[in-house]
Structure formats: C-alpha cells, structure tokens
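J.: The structure is given below, and queries will be raised subsequently.
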Amino acid sequence: MASLRKIHPLMKITNDMVIDLPAPSNISVWWNFGSLLGLCLFSQILTGLFLAMHYTSDISTAFSSVVHTCRDVNYGWFIRSLHANGASFFFICIYLHIARGLYYGSYLYKETWTIGVVLLGLVMATAFVGYVLPWGQMSFWGATVITNLLSAIPYVGGTLVQWIWGGFSVDNATLTRFFTFHFLLPFIIAAATLVHLLFLHETGSNNPTGLNSDADKVSFHPYFSYKDLLGFLALLSALTSLALFSPNLLGDPDNFIPANPLVTPPHIKPEWYFLFAYAILRSIPNKLGGVLALLFSILVLVLVPILHTSKQRGLMFRPLTQTLFWTLVADMLILTWIGGMPVEYPFVIIGQVASTLYFLLFLVLAPTAGWLENKSLKWL
C-alpha cells in the first residue's frame with residue numbers, strides 16, 4: 001500500500017513540493033536563499049502579529065505604544081528587535097536570491113522570474129509602509145517625501161497624493177491606512193510565494209552549469225531539506241545575535257525622536273536596503289524623471305529574460321559577462337553608499353555616473369557581451 005503522504009490530498013501536495021521533489025544533485029548553497037526567504041517571511045509575520053497586539057495606529061499614541069512594547073511587554077524589546085532587523089535580513093536574502101538568478105540564468109524561467117519581480121515590489125511596499133508605523137522623525141519625513149513623489153504624475157498626481165494621505169498632509173488617516181496595508185501585504189506576499197513555487201515546480205530548478213539535469217536528480221528530502229535546515233540555523237543565529245548585541249545598528253537615530261512636522265531632519269533617507277534606489281531617484285534633477293528612474297530601477301529586472309542574447313544560460317563559462325556581473329555588484333554597493341550621503345559635490349556626480357552605469361549594464365552592455373561571446377565561440 002502506498003504511503004499516506006503520497007495519497008492524502010493535502011499531504012500529497014506537500015510531499016511533491018518538499019519531500020519527493022526531484023532536485024538537481026549539484027545545486028550549491030546559492031539555492032538556499034529561497035527557503036531562507038520563506039523562513040524570513042514566517043518570522044516577520046509571527047513577530048509582526050505579536051507587535052500588532054500592542055500597537056495603536058493613532059498619531060498621538062503610536063510612538064508611545066512602541067515604547068510601551070519595548071519597556072513593559074515581556075520580551076517586547078526582543079520581538080521588536082527581531083522584526084526590525086528581520087526586515088534587513090529579508091532584503092539581504094532577496095538581493096542574494098536575485099543575484100543568483102542573474103548569475104546562473106534562472107531568469108529564463110520567465111513566469112517564475114516575473115512573479116519574483118512582483119514579490120520584490122510587494123516586499124518593498126510592505127517595508128516602506130512598515131517603516132512609517134513607529135511615527136518617529138524619519139518615519140514621518142520619509143513618508144512625506146516618498147508619497148509626495150507621486151505628485152510628479154501628470155494630471156492626477158496631486159489628487160493621488162491627497163487620496164493616499166487621506167487629507168492635505170501626512171496625518172492620522174495616513175498612519176491608519178499604512179498600518180492596514182502593512183498588516184495585509186505579508187499575506188498577499190505569502191499567496192504570491194505559492195504561485196512563485198507553483199511556476200518553479202512546473203519547470204524544476206536550474207543548476208550551476210545551466211545544463212539539463214534530468215539525468216541527474218535526487219529527492220529533495222533528506223539531501224536538501226537538511227541543507228536548508230543548516231541555512232535556517234545560520235540565519236537565525238545571525239539574526240538573534242544582531243537583535244541581542246546590536247539591535248540599533250541598522251536603524252536611524254532620528255527615529256528615536258517622535259515625529260514633528262515643524263522640524264525637518266538635516267538628511268532624510270530611507271532604510272539601508274532602499275538606498276540604491278533612492279540614489280538613482282536623486283541622480284535625476286527632474287522630479288518626474290527621478291520617479292521614472294526609481295520605478296525602472298526595479299522593473300528593469302523584467303527585461304532581463306528578453307535581453308538575453310547568449311547561447312549559454314549561466315555565467316559559469318562566460319568571463320566577459322561575469323566581469324559585467326561583478327561590476328553591477330560594485331555599482332549597487334556604490335549606489336547604496338551614495339544614497340546615504342548628503343546631496344553635494346562629489347556625491348551627486350558619483351551617483352549620476354553609477355546610475356547611468358546601472359541601466360547601461362542591464363540594457364546595453366550585458367546583451368552586447370552575450371552577442372560577442374556567441375561570436376567568440378565560432379573563433380575557437
């Protein structure tokens with residue numbers, strides 16, 4: 001008789017996804033980040049639920065309710081620290097997951113990749129509205145500046161901003177709706193993640209060589225389930241260490257000051273994981289141009305499969321495109337650094353050069369390198 005996990009309607013789905021799933025035998029540690037993102041999402045939803053029990057979405061009490069959670073709730077300080085730093089780990093895993101997809105050509109699974117880009121947008125939206133909730137100085141001014149960018153949209157911009165604010169400025173209505181979105185979006189992300197997995201399991205996983213691995217598959221459990229557990233252990237150790245030893249390392253000191261609409265912070269900036277996009281936004285002197293550049297800095301990922309010109313899938317045997325990939329990594333780090341700097345010389349010009357290079361790498365240099373590599377294969 002067949003095992004229950006293979007015939008029960010619900011257990012069969014789980015079995016096909018995480019137990020008897022055929023996986024390429026040579027996938028490396030870079031394939032761990034998908035499961036780590038699942039762990040991050042679960043951790044964020046869990047800690048977020050406990051924080052929501054003690055939070056009040058009213059401008060007069062929001063800041064105090066966060067202070068109350070940290071001071072008076074049992075282990076409230078730890079839960080908040082895990083949640084705030086968990087967001088940073090979430091984005092570290094996302095960026096590494098995308099980098100692996102770019103390096104090994106996983107973007108050629110177009111449906112999986114497109115849903116992944118949608119997931120990135122949803123996670124960014126969730127993190128942005130979540131950053132507003134403590135109602136500190138940087139929360140308030142970050143919300144004001146970023147939502148105000150929508151006013152650059154012709155004809156409907158002004159109306160759209162007022163509609164999002166729920167009035168003529170960032171106020172109580174804004175905080176209430178941002179809390180609603182922050183509570184709702186993680187569950188939408190969880191649903192989109194299932195769609196992401198559904199599309200992935202239609203094709204099966206890619207592997208480091210970029211070659212067909214049908215002849216060399218192993219079952220997901222126990223080989224990769226234990227490998228994922230080791231990743232879980234490493235991530236949770238790093239997260240708890242940061243939350244316990246240096247919980248405010250990645251935060252902004254201005255957010256310890258309650259929001260004051262009459263005092264502007266000397267330098268408004270988002271959390272570190274948005275700095276690269278913020279640097280691209282600031283590099284364009286025109287408001288609408290900056291908003292479009294910000295939007296396309298994420299949407300350019302959708303074009304990657306379309307602009308793939310190489311006959312080979314990954315970058316394992318493509319030294320020219322490998323060089324461009326590591327140039328992109330360096331460029332992202334430079335943009336992240338520039339996003340945290342004041343708007344003055346020489347940071348402005350460095351940001352503009354780095355932003356131009358960012359788009360050139362995706363739209364021009366990578367497709368050209370792929371074409372040149374195809375040509376070079378004929379010369380060998």
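Just so it is clear, glycine is given a Cβ too, placed from its N, Cα and C backbone atoms.
The heme b b562 binding site annotation in Swiss-Prot covers His83, His182. Positions annotated as heme b b566 binding site by Swiss-Prot: His97, His196. Per Swiss-Prot, ubiquinone binding site is recorded for His201. Annotation comment: Swiss-Prot describes 33-53, 77-98, 113-133, 178-198, 226-246, 288-308, 320-340, 347-367 as transmembrane segment.
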J.: Ranking 33-53, 77-98, 113-133, 178-198, 320-340 by Cβ pairs under 8 Å to the transmembrane segment (288-308), which is first?
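T.: The stretch I would name here is 113-133.
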J.: Which bits of the chain, at least 6 residues beyond where the transmembrane segment (77-98) starts or stops, bring a Cβ under 8 A of a Cβ in it?
T.: 30, 33-34, 36-37, 40-41, 43-44, 47-48, 50-51, 66, 69-71, 116, 120, 123, 127, 130, 235, 238-240, 242-244, 247, 250-251, 271-273, 301, 332
J.: Counting Cβ pairs under 8 Å that are 6 or more apart in sequence, does the total for the transmembrane segment (113-133) and the transmembrane segment (178-198) reach three or more?
T.: yes
J.: Are the transmembrane segment (347-367) and the transmembrane segment (226-246) close enough that 3 or more Cβ pairs fall under 8 Å, when only pairs 6 or more apart in sequence count?
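T.: They do not touch: fewer than three Cβ pairs between the two stretches lie under 8 Å.
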J.: His83 (heme b b562 binding site) to His97 (heme b b566 binding site): how many Å between their Cα atoms?
T.: 21
J.: Taking His83, His97, His182, His196, His201 as the binding-site residues to compare, which has the smallest set of other Cβ atoms within 10 Å?
T.: His201
J.: Can you tell me the CA-to-CA distance separating His182 (heme b b562 binding site) and His196 (heme b b566 binding site), as a whole number of Å?
T.: 21
J.: DSSP three-state call for His182 (heme b b562 binding site): helix, strand or coil?
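T.: Where His182 (heme b b562 binding site) sits, the three-state DSSP reduction gives helix.
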J.: For the C-alpha pair, I'd like the distance in angstrom between the residue listed as 'ubiquinone binding site' and His97 (heme b b566 binding site), rounded off.
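T.: Per the Cα atoms, the residue listed as 'ubiquinone binding site' and His97 (heme b b566 binding site) stand 17 Å apart.
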